[in-house]
Structure formats: structure tokens, C-alpha cells
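K.L.:
Once you've had a glance at the structure underneath, I'll fire off some questions.
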Amino acid sequence: MSEVISEITFFKDKKSEEKTPLYQSKLSSYSPNVSYHYNPRVSEYHYGVKHPMKPFRLMLTDHLVIGYKLYEKMDLYTPKPASKDELLEFHSNDYIEFLERVTPDNSNKFAQQLKDFNIGDDCPVFDGLYDYSRLYSGASLDATEKLIQGNSDIAINWSGGLHHAKKFEPSGFCYVNDIVLSILNLLRYHPRVLYIDIDLHHGDGVQEAFYNSDRVMSVSFHKYNGLFFPGTGNLDESGVGRGKNYSLNIPLNDGIDDESYIRLFKSIMEPLITSFKPTAIVQQCGADSLGHDRLGCFNLNIKAHGECVNFIKSFGLPLLVLGGGGYTPRNVSRLWCYETSIMTDVNLDSKLPESLPFRNYFNPDCSLHPNLGDKLDNKNTKKYLENVKAKCLEQIRFLNGAPSVQMNEIPPDFKKLTPEEEAEINELNNDGNNEDRIMRDIKDEARNGELVE
Ligand SMILES: [Zn+2]
């Protein structure tokens, strides 16, 4: 695979002298310069035989992208791994040094750290863990850089989007939070960044990093019942201090279908973008919100998921597109290939290319659009969704007069939590329970069920 990639990798800077106007939403003439950031090595790591996270899904995605010849429509980059200093822009030194040093062979020497850093079934120590984290993070940083330089209008990294990782520890299959690192870089040049998360799970790591900032608006659509991983993401989590109202959560129940998801998504995102006026957008496209996902409980089809990304693209703002969860690899790769085609304005034949390697893996239908919407009952009543929407719109009304910051206020304010804000975030993590350990055990237990297929 790497030979194929290097043959078709090329570099262009044709966009650098142009300035992309804001809000081209209704213009069909928007033809963005798209870049694709993928280092094939990132797909070669293994979390473990029984672990649902399969980096080989990235290889399948890339085969589809290449099979459909989408490389003709994008600038392709093979990014280098992130440096240690780049990881330290967000993560603590102790934690990153631990990731750097620990291996399956020497992990018995790290008993205390394994405990401190919450290493276990979800986030195991596996061979090459540190390099894997640097690779997917490096790709996000490379994509971010192309947006900042104006070389790309839309930059894609399907290996990124690991939204659960925290400053001091891994969480939910995520070790380094490439999204936070990318947003921190965008904030050096952009006054306001919008983060949108359509993974099945709450984007807790990103929300927490910018919870007291009014320069990053974090929006997450996800399954929520208080116990489902990561346990956060209720409507009332809306930010603290200057960040009050700059976190928006859309908690959903099992089985949400295409029509209700798209309608809710658009009816919230349009007024939000109009009020917040972001100058750059980061979209996490977690594929576990698809129907039939191994860990999933929604009923979304690939076209519906893609329509959400298409809608955000239509605003014509610099857009970083990232992957995320997704545990039925053949559907993950179908989705991300389809979303790549949306970004590049190409209509794809539903029938997968005959020349596609691993084509049998997509049996029996060999289609880009299998029916994924028929598995579960929709537990989201019209009334429930109307209520969620009304509460979100109420919160969005508080955003009028988005802050216009002095650019010398960067780097951002997330480092400057007041003791009160710190306490509020801690309380959030504990879900109102002071016994941190007890809550974590309950959450882990809920997660265990997901690990068994
Ligand atoms: Zn997820």
C-alpha cells in the first residue's frame, strides 16, 4: 500500500494567495481545495484481538478512496508523526513520558503508573502505542497547518478524531487528543473555532479542554443516559466562566433514524453558526453513530451521516474533517470514503470498484450504501426531540455577540482555570458524586458490556 501512496502523493500550494470568503452556503459554485492526510503506518497497529478498535479500518478506507480514484480530486500528504513537544502542548509531561516508555514487555515495572493513568481493557498497552499516537496526531496537525496556511479549504484525517483523551490520561480507546492539539493551533490564527462531534459518544475530552473558553464552541450529538460511556454530555453541561453557553450537548436515545437526526442537526447547527460566527470548523465524524455498529445503538445510514458533513461544508468555512469511533470496519470505511467524495464533489457509483483490494470483505452486497437503518426501534419521540431542540435554541440565543478577541490573547485560556471552574469540572467528571472511584467503576462496568460483541 505504501508504494501506491507514495506514487500518487504530490504537493500543491495553489490556494495560498486566495482568501476564502465566509458563508458560501447557498452558492453551488463553492469548489474547495481539499487535502487528504494519511500515513499508512497508522493502520498497522493492534489494540488486541478482542479489542473493538481496529486500526486496519483506516487501510480499508484508503483502499476505497484510492479505488474510486478520489486522489485525483485532492492534494495527498503523507504526514510525519507529531513530535513530543507537540504532544506536550496539551498533555502533561508525566503522561507523555509514560506513553513513550511503556511497552507490553516492561509494563510490570510501571504498576503505579498503569493505575494512575487508568490503563486497562479499554486503553491497553500495546506494541508501538506511542508511535501510533504520534502518527494520528501528526496527521491532524499537518491537516491543521494546511488550513492555517490557506493551502487547503478542507483538510481530512480519518485516523484522527480521538476525542476522549484527557490531559493526564487516556480514555475510551484514545491516548492523545489530536483534536485539542489541532484546535490549539487553529486558535493562534482564528478568533473562534467551532467543534462539531457526531460520534455515538460524547466528545468529553474536547469539551473539557475548552470548557471555560468562549473562543471554542463545542457541540456534541451523542447517546446519553448517564451511564453510557463516557457518562457525560447532558443538556445542562454548557460551559463555565467565560465559556458559559459555549458547550452545547444534544443527548439522544437509542435508535435515532436518518430523518430525525438530520432535521435536528440542521435546525441546531444553522442558527448556531450564524450566531457564533466561527472562522474555522473542526468536524469529528465518528462512524459508531451508524446503524449496525459493533458498539452502536443508532440507526443512521451512510447518506444521513454524510448529509450532516455536507451541510457543514456548505458554509464554506475552513474545515478540518476527522474520524473517530467506528467498530464495524467495513461500514466505517464505506462512510469515510463516501464523506471524502462529498468533500471533493464527486458522485460515486454505489457498486464498489471491481479492482478494489479486499472487495470480498464487503460481501454480500459490495455496495457503498448497505441498509443500516433497520436494527433498532427509535426511542426518540417527536416530543423528546422537540424539547431538546427548544433547549438548544434557547442556549444558542445567548451566543449573540460572539466575542471578537484580540489575537494576542492566545495561547488560549484553558490553562487558566479558576479554582471555582476547576471544582465545577471535577464535579462534572464525577457526575455529581464525590466518590470518584465509585463512579469510574460504574462507568467501566457499563463499558465492559460494549467490549463483548
Ligand atoms: Zn464513539
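Heads up, the Cβ atoms here are built off N, Cα and C, so glycines get one too.
Note that the coordinates shown come from a computational prediction; the quantities given were computed from them, not determined experimentally.
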K.L.:
In TrEMBL, Asp199, His201 are given as binding divalent metal cation, so which of Asp105, Asp116, Asp288, Asp293 is in that site too?
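P.N.:
For divalent metal cation, TrEMBL names Asp199, His201; of Asp105, Asp116, Asp288, Asp293, the listed one is Asp288.
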K.L.:
Check each of the ranges 6-33, 230-257, 426-453 against TrEMBL and return the one annotated as region 'Disordered'.
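P.N.:
The listed stretch tagged region 'Disordered' in TrEMBL is 426-453.
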K.L.:
Can you list the residues of the same chain, besides Asp199, His201, Asp288, whose Cβ falls within 8 Å of the divalent metal cation site's Cβ centroid?
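P.N.:
After dropping the recorded site residues, what remains is Leu200, His222, Gly286, Ser289, Leu295, Gly296, Gly324, Gly325, Gly326.
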K.L.:
Considering only the binding-site residues Asp122, Gly172, Tyr327, which residue has the minimal Cα-Cα separation from His201 (divalent metal cation binding site)?
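P.N.:
With Cα distances computed to His201 (divalent metal cation binding site), the winner among Asp122, Gly172, Tyr327 is Gly172.
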K.L.:
Give me the count of other Cβ atoms within 10 A of the Cβ belonging to Tyr327 (substrate binding site).
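P.N.:
Counting Cβ neighbours of Tyr327 (substrate binding site) within 10 Å gives 22.
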K.L.:
Around ligand 1, within a Cβ distance of under 6 Å, which of the recorded positions Asp122, His164, Gly172, Tyr327 show up?
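P.N.:
Checking each Cβ against ligand 1, none of them comes under 6 Å.
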K.L.:
Would you identify the secondary structure of Asp288 (divalent metal cation binding site) according to DSSP, in three states?
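P.N.:
The three-state answer is helix.
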K.L.:
Identify, in sequence order, the residues in the chain of Asp288 (divalent metal cation binding site) that are 6 or more apart from it along the sequence and have a CB within less than 8 Å of its CB; answer 'none' if there are none.
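P.N.:
Once residues fewer than 6 apart are set aside, Asp288 (divalent metal cation binding site) is near Asp199, Leu200, His201, Leu295, Gly296, Gly324, Gly325, Gly326, Tyr327.
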